[in-house]
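Participant: One structure coming up, written as structure tokens, with questions to follow.
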Amino acid sequence: MSQLNPKVGFVSLGCPKALVDSERILTQLRSEGYDIVPSYDSADVVVVNTCGFIDSAVTESLDAIGEAMNQNGKVIVTGCLGKRPEQIREAYPNVLAVSGPQDYQSVMEAVHEALPPKHDPFVDLVPDYGIKLTPRHYAYLKISEGCNHKCSFCIIPSMRGKLVSRPVDEVLREAERLVRGGVRELLVVSQDTSAYGVDVKYAEKMWRDKAYQTRLKALCEGLSELDAWVRMHYVYPYPHVDEVVPLMAENRILPYLDIPFQHASPRILRLMKRPGAVEKTLERVQNWRRIAPDITVRSTFIVGFPGETEAEFEELLSFLDEAQLDRVGAFAYSPVEGATANDLPDAVPEEVKQERLARFMEKQAQISAARLEAKIGTVQQCLVDAIEGDIAVARSKADAPEIDGLVHIQNADQVALRVGEFVDVEITESDDHDLYGDALPAAARPALDLKVL
């Protein structure tokens, strides 16, 4: 093999199960073009697969780490002792990374970070963050597949199956790669974001030497460690969603919830097989705003659901008045093949559905316009999406791409801006959907710490 290939030293300790782990790691290293070398001094980096079952094994593992540190200095630790990263870090604070047993991907990530694989122009055509169809500065981060709910209007479970959550460490590593590749905004998506981890009983995984549960709050805490906006989408209104709102108040993730309420009539919600405690929903929205005054609440609704009476539709309009939601999408009910709602009696005539949809959207447009108008005179941090001549198009923390509004920066020709850059914008005008304003000069902008947004 060519001497130009990167070289890895490897120490394998412990039981046969650990030996199999070592074999798998070595196989992956060789498949990526790394040379495996027998001595510390000829290695560019050393991997130590440890044992931690009994005290003598712990001592042997720590001694092996120490020997590798003394003779090489670039050491990645994995294996059973890696479940106690504080013990390793206390003895050897300068090890490059620590991961637990069977965590092959973390080992490979650490090797890649310390010693990138040799570039092969014939096969290495994909960046480590993958192929993306979004602009480079934002990306969707899918955390699960499928859904355990049986909403009567939906056929997603029959198409995509039951909830399958991705391991939290895998999600966090993907997010880390995306941010390293230039992503400034992570949009967390799934069929049911708030159910994340239910199917795996909130299994705990290690990332950056810290344990994280496969749970929405823990995921948000991990994502908040990255230098990017974090925006939550498709959040089913479980009570535990309330746990992430304090993180929004602390500016650790964006103060934004995309949470589909679907209706406000308890009877219609029961027919939809959705949560029906409307008064509690209103209380929760009010409480979110007390905790995080800048929170943006987006929701979606269905009008003209089978059996919906005029009185029940009026309940929905009253809910809009009370909730004062920032952004809303609405749809006239349309039968979907395979949905159980198709069998419900008292279908609403099409012309009535369309008339109710128009009334619904007219009321919400007034609410949204008033909430946007209240932002005139404020300074909003924005992410630049495009520059078109002397106008730049950006989004504030309140605006997800494609579905929400825009911030039109009207002095882009006077202030040096770049796509994917954060900029503070003084808002001067608004309309029913968008904001307009002027970017502040760089000297007038506060120093940006992307971890505190």
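Heads up, the Cβ atoms here are built off N, Cα and C, so glycines get one too.
When I checked Swiss-Prot for this same protein, it listed these features:
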- 6-116: domain 'MTTase N-terminal' (DOMAIN)
- Cys15, Cys51, Cys80: [4Fe-4S] cluster 1 binding site (BINDING)
- 133-370: domain 'Radical SAM core' (DOMAIN)
- Cys147, Cys151, Cys154: [4Fe-4S] cluster 2 binding site (BINDING)
- 373-441: domain 'TRAM' (DOMAIN)
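In terms of burial and nearby residues, how do these features look in this structure?
Facilitator: Sorting each residue of the domain 'MTTase N-terminal' (6-116) by its DSSP state yields 55 helix, 22 strand, 34 coil.
A 10 Å cutoff on Cβ-Cβ distances gives Cys51 ([4Fe-4S] cluster 1 binding site) a total of 21 other Cβ atoms nearby, all chains included.
All protein chains considered, the CB of Cys154 ([4Fe-4S] cluster 2 binding site) has 21 other CB atoms within 10 Å.
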Participant: So, by DSSP, how many helix, strand and coil residues make up the domain 'TRAM' (373-441)?
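Facilitator: The breakdown for the domain 'TRAM' (373-441) reads 1 helix, 33 strand, 35 coil.
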Participant: For the C-alpha pair, I'd like the distance in angstrom between Cys15 ([4Fe-4S] cluster 1 binding site) and Cys147 ([4Fe-4S] cluster 2 binding site), rounded off.
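Facilitator: Cys15 ([4Fe-4S] cluster 1 binding site) and Cys147 ([4Fe-4S] cluster 2 binding site) have their Cα atoms 39 Å apart.
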Participant: Non-local Cβ contacts of Cys80 ([4Fe-4S] cluster 1 binding site) (under 8 Å, 6 or more apart, same chain)?
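Facilitator: Looking at Cβ-Cβ distances below 8 Å from Cys80 ([4Fe-4S] cluster 1 binding site), excluding near sequence neighbours, one finds Gly14, Ala18, Thr50, Cys51, Gly52, Phe53, Ala57, Gly100, Pro101.
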Participant: Fewest neighbouring Cβ atoms within 10 Å: which of the binding-site residues Cys15, Cys147, Cys151?
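Facilitator: Among the binding-site residues Cys15, Cys147, Cys151, the sparsest Cβ neighbourhood within 10 Å belongs to Cys15.
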Participant: Can you list the residues of the same chain, besides Cys15, Cys51, Cys80, whose Cβ falls within 8 Å of the [4Fe-4S] cluster 1 site's Cβ centroid?
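Facilitator: Result: Leu13, Gly14, Lys17, Ala18, Thr50, Gly52, Phe53, Ala57, Gly79, Leu81, Pro101.
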Participant: Inside 8 A of the center formed by the CB atoms of Cys147, Cys151, Cys154, which other residues of the chain have their CB, for the recorded [4Fe-4S] cluster 2 site?
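Facilitator: The answer, listed by sequence position, is His149, Lys150, Phe153, Ile155, Ile156, Pro157, Gln191, Asp192.
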